[in-house]
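Asker: Pasting a structure below so you can have a look.
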Amino acid sequence: MWLLGPLCLLLSSTAESQLLPGNNFTNECNIPGNFMCSNGRCIPGAWQCDGLPDCFDKSDEKECPKAKSKCGPTFFPCASGIHCIIGRFRCNGFEDCPDGSDEENCTANPLLCSTARYHCRNGLCIDKSFICDGQNNCQDNSDEESCESSLEPGSGQVFVTSENQLVYYPSITYAIIGSSVIFVLVVALLALVLHHQRKRNNLMTLPVHRLQHPVLLSRLVVLDHPHHCNVTYNVNNGVQYVATQAEQNASEVGSPPSYSEALLDQRPAWYDLPPPPYSSDTESLNQADLPPYRSRSGSAYSASSQAASSLLSVEASSHNPEQPGSPEGSAEPRDSVPSQGTEEV
């Protein structure tokens, strides 16, 4: 029986050393730099106040000087002063800091248990975003009660929904609705502008002759010149538009010319002049203004003398048909020609 006491002490010390993250315990606490835990065990001195509990009773992290926090305003500094966690993870039911300082004094702090947070039955306060998330954040499962669970057919998965979670997202819903309305208005305005632009282009590209005539739309009459037209009313035919004499003349003037008129317009100015008068042979003999003719020998004869000599030779040959080539008949006019038309150079 006396052997059971040391055996149980040995087993308990072995199990205790296995549970701790640092199991390098030693019974020699007289080594300089070592730290003795509250249970009598010793750890290296460098493990004291390092933010991680190395002793089983966490005595190595107690009464440690709090280092100056370097965390931002929206973060929570752990007790060690080394680690920082998100502010809403404070008192959420989970030890987010390595030393568990984020879950200490949760019920005593009135700011942590304000109306903006969820109050658990056990006194803890958690952020409302952790309600009905499928995890026991309150440690008494009070945050997971009264949640509507729905099972989709064939999926095999349970989806947990909560009205409290939907309450905190109204701005997202309003933003989606507003964006949809603005998008529809922009599309409608763009379609209206495009339709107006296309209609304007179609009106600008109408032929000119169609714009010059009145447009009849059912019983409405649109006239370009209302002050220069005649409108007659008939019971059977309705409104009849009658053009004035000025418009008829304008239409006649604007018609293209015929083929014969076009040819007459293209004739030169001298085409319609009368022909020059015809001169007889005797008148041509009396014309002395013709330029003289110079022969190869150097003697100059006028064109009128040449014509007269040729005419005399023809008459002589007609008077003497029997001797057409005699030198007697031809010498007389040849001798007489130079006497009449010879000019000195």
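Every residue, even glycine, has its Cβ placed from backbone N, Cα and C.
Annotations per Swiss-Prot:
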TOPO_DOM  18-173  topological domain 'Extracellular'
DOMAIN    28-65  domain 'LDL-receptor class A 1'
DISULFID  C29-C42  disulfide bond
DISULFID  C37-C55  disulfide bond
DISULFID  C49-C64  disulfide bond
DOMAIN    70-107  domain 'LDL-receptor class A 2'
DISULFID  C71-C84  disulfide bond
DISULFID  C78-C97  disulfide bond
DISULFID  C91-C106  disulfide bond
DOMAIN    112-148  domain 'LDL-receptor class A 3'
DISULFID  C113-C125  disulfide bond
DISULFID  C120-C138  disulfide bond
DISULFID  C132-C147  disulfide bond
TRANSMEM  174-194  transmembrane segment
MOTIF     256-259  motif 'Involved in ITCH interaction'
MOTIF     275-278  motif 'Involved in ITCH interaction'
COMPBIAS  295-318  compositional bias 'Low complexity'
Asker: Give the distance between the Cα atoms of C71 (disulfide bond) and C78 (disulfide bond), rounded to the nearest whole Å.
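Answerer: If we compare the Cα positions of C71 (disulfide bond) and C78 (disulfide bond), the gap is 9 Å.
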Asker: Among the disulfide-bonded residues listed here, C29, C84, C97, whose Cβ has the fewest other Cβ atoms inside 10 Å?
Answerer: C29
Asker: In terms of Cα spacing, which of the disulfide-bonded residues C55, C120, C132 are within 10 angstroms of C42 (disulfide bond)?
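Answerer: Checking Cα-Cα distances against C42 (disulfide bond), the disulfide-bonded residues within 10 Å turn out to be C55.
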Asker: Given C84 (disulfide bond) and C78 (disulfide bond), what distance in Å do their CA atoms have, once rounded to a whole number?
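Answerer: Given the Cα positions, C84 (disulfide bond) is 6 Å from C78 (disulfide bond).
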Asker: Of the disulfide-bonded residues C78, C132, C147, which one sits closest to C49 (disulfide bond) when you measure Cα to Cα?
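Answerer: Given the candidates C78, C132, C147, the nearest one is C78.
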Asker: Among all chains shown, work out which of the disulfide-bonded residues C71, C91, C120, C132 has the most CB atoms within 10 A of its CB.
Answerer: C91
Asker: Per DSSP, to which secondary structure element type does C125 (disulfide bond) belong, with helix, strand and coil as the options?
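Answerer: Note: C125 (disulfide bond) is in a strand by DSSP.
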Asker: Just to verify a number: CA distance, C138 (disulfide bond) to C147 (disulfide bond), in angstrom, no decimals.
Answerer: 15
Asker: Measure from the Cβ of C113 (disulfide bond) and count the other Cβ atoms within 10 Å, all protein chains considered.
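Answerer: I get 19 for this one.
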Asker: List the Cα distance (Å, whole number) between C120 (disulfide bond) and C113 (disulfide bond).
Answerer: 10
Asker: Averaged over the motif 'Involved in ITCH interaction' (256-259), what pLDDT does the predicted model reach?
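Answerer: Its mean pLDDT is 77.
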Asker: Nearest to C37 (disulfide bond) by Cα, among C106, C132, C147 (disulfide-bonded residues)?
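Answerer: Out of the listed candidates, the nearest Cα belongs to C106.
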Asker: Just to be sure I understand, if DSSP states are collapsed into helix, strand and coil, how many residues of the motif 'Involved in ITCH interaction' (256-259) fall in each?
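Answerer: For that range the per-state counts are 1 helix, 0 strand, 3 coil.
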Asker: Between C125 (disulfide bond) and C132 (disulfide bond), what is the CA-CA distance rounded to a whole number of Å?
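Answerer: Here the two Cα atoms are 14 Å apart.
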Asker: Measuring Cα to Cα, how many Å separate C113 (disulfide bond) from C78 (disulfide bond)?
Answerer: 19
